[in-house]
Ligand SMILES: [Zn+2]
Ligand SMILES: [Zn+2]
Ligand SMILES: [Zn+2]
């Protein structure tokens with residue numbers, strides 16, 4: 001007896017729609033769970049705004065937040081206590097002090 005060959009194992013898959021993520025899930029709740037844990041923003045289309053931890057400004061994209069942090073918060077300068085020269089990073093200041101003010 002030959003069967004009709006009709007397989008009823010039609011599985012629906014729910015692919016993650018985040019860029020750089022190719023995962024697929026067999027249920028919507030699994031996808032939502034993954035999205036929450038891995039991407040931290042619930043399902044796509046319901047993205048939480050990115051919030052700056054230093055001034056509480058919110059941004060629609062992570063790169064927007066990064067740009068803001070760079071522009072607003074990374075302009076802090078470190079002044080040399082000995083000669084007053086400002087540096088944008090502690091590393092620069094340290095190497096300056098090592099070179100210029102070595103005893
Ligand atoms: Zn994903
Ligand atoms: Zn900020
Ligand atoms: Zn100095």
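From the backbone N, Cα and C atoms, a Cβ is placed for every residue, glycine too.
Per TrEMBL, the features are as follows:
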type	residues	note
DOMAIN	14-44	domain 'C2H2-type'
REGION	25-50	region 'Disordered'
DOMAIN	50-73	domain 'C2H2-type'
DOMAIN	78-103	domain 'C2H2-type'
Can you name the far-off residues of the same chain, 6+ from the ends of the domain 'C2H2-type' (14-44), with a Cβ under 8 Å from a Cβ of it? none
Just to be sure I understand, if DSSP states are collapsed into helix, strand and coil, how many residues of the domain 'C2H2-type' (50-73) fall in each? 12 helix, 4 strand, 8 coil
Per DSSP, how many helix, strand and coil residues does the domain 'C2H2-type' (14-44) have? 12 helix, 4 strand, 15 coil
